[in-house]
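> If you scroll down you'll find the structure; I have some questions about it.
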Amino acid sequence: MSKNYHIAVLPGDGIGPEVMAQALKVMDAVRSRFDMRITTSHYDVGGIAIDNHGHPLPKATVEGCEQADAILFGSVGGPKWENLPPESQPERGALLPLRKHFKLFSNLRPAKLYQGLEAFCPLRADIAANGFDILCVRELTGGIYFGQPKGREGSGQYEKAFDTEVYHRFEIERIARIAFESARKRRRKVTSIDKANVLQSSILWREIVNDVAKTYPDVELAHMYIDNATMQLIKDPSQFDVLLCSNLFGDILSDECAMITGSMGMLPSASLNEQGFGLYEPAGGSAPDIAGKNIANPIAQILSLALLLRYSLDANDAATAIEQAINRALEEGVRTGDLARGAAAVSTDEMGDIIARYVAEGV
């Protein structure tokens, strides 16, 4: 008998409800094809939660997420709420507290150049022709963004500002394990990014990653300095499988990876804790300018569901089926407006219907 799973669904604002509806169509197809018992509960978050409950992250939403196996998150924010105090705005008042509450220490950002979309890649045509499929694994809760001391002091010519890069062994070990486990589900190569020729924190990072690698003899490990990595991503992104990064370096490289795909509408994201509980969301924003027009690209939201299946439910076959269905749709020329470039475009609903049908049929 299959296990029962429960997903907290937080559509949010802007295009969030529209693209979430498409992911739920695909979830229905997964249920049927793979005989998975998945139930869902919907909760307000972000601006809609401010309107309905007076807070971007209501207590009921947090409690609902605590009862779930994973969170499928849409997007939050919009002009309506941008004049609120920063801590009360949808982005800072909802997403960041969720990450903190559930101790989500790792961020996974896949970046893939799909066949047929090479023209959107800003790299040279001969580089884009090779394609790429990269997973950026970023440590989220340590490093220079959170290290102490930090601050400003002094005045005049003696005024200064300072931040501190701090990493503990356990923080490096657990993010390294995420990277190596992820590589086992992919092409079995990890490239660890550091600045070990200069920084003490990077020297420790490299030492510990080497130690963790000994328990993954089936996964290839390489090390690369951050400055070289930024260049190599432009020169030949196809050389990379899994990038393992500290908070700062991952912040930089995950955005670079996103940029070279050419479309934010294709990029999912996962944030995980040590128990495998995760929050899954599109990497793009709420796009209020196109909300309600049925033209948004739902693929990032659907791919976020695929990540949820793979990492929180350990349903790799179902995740792969979604990815194959998306590949098929794109190879057949199915495009939403952001990818059409003047050609015929399908609506948000139509794209969701097509992908769900392809999941149900199998490729």
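Think of each number as a place in line: the chain as shown, counted from 1.
Keep in mind that glycine also has a Cβ here, set from the backbone N, Cα and C atoms.
Feature table excerpt (Swiss-Prot):
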- 78-91, 285-297: NAD(+) binding site (BINDING)
- ARG99, ARG109, ARG138, ASP227: substrate binding site (BINDING)
- ASP227, ASP251, ASP255: Mg(2+) binding site (BINDING)
- ASP227, ASP251, ASP255: Mn(2+) binding site (BINDING)
- TYR145: site 'Important for catalysis' (SITE)
- LYS195: site 'Important for catalysis' (SITE)
> Once the DSSP letters are reduced so that anything not helix or strand counts as coil, what is ARG109 (substrate binding site)?
strand
> Tally every other Cβ atom lying within 10 Å of the Cβ atom of ARG138 (substrate binding site).
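A 10 Å sphere around the Cβ of ARG138 (substrate binding site) contains 28 other Cβ atoms.
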> Going by DSSP, is ILE295 (NAD(+) binding site) sitting in a helix, a strand, or coil?
coil
> Under a three-state reading of DSSP, tell me whether TYR145 (site 'Important for catalysis') is helix, strand or coil.
helix
> So, in DSSP terms, is ASP227 (substrate binding site) helix, strand, or coil?
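In three-state terms, ASP227 (substrate binding site) counts as helix.
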> At the level of the C-alpha atoms, what whole-angstrom distance separates ARG99 (substrate binding site) and PRO90 (NAD(+) binding site)?
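With the alpha carbons as reference points, the distance is 14 Å.
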> Run through PRO86, ARG109, LYS195, ASP227, ALA287, ALA291 for me and report the recorded positions whose CA is within 10 Å of the CA of ASP255 (Mg(2+) binding site), in sequence order.
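Of everything listed, what lies within 10 Å of ASP255 (Mg(2+) binding site) (Cα to Cα) is ARG109.
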> Could you say whether, by DSSP, GLU82 (NAD(+) binding site) belongs to a helix, a strand or a coil region?
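Assignment for GLU82 (NAD(+) binding site) reads coil.
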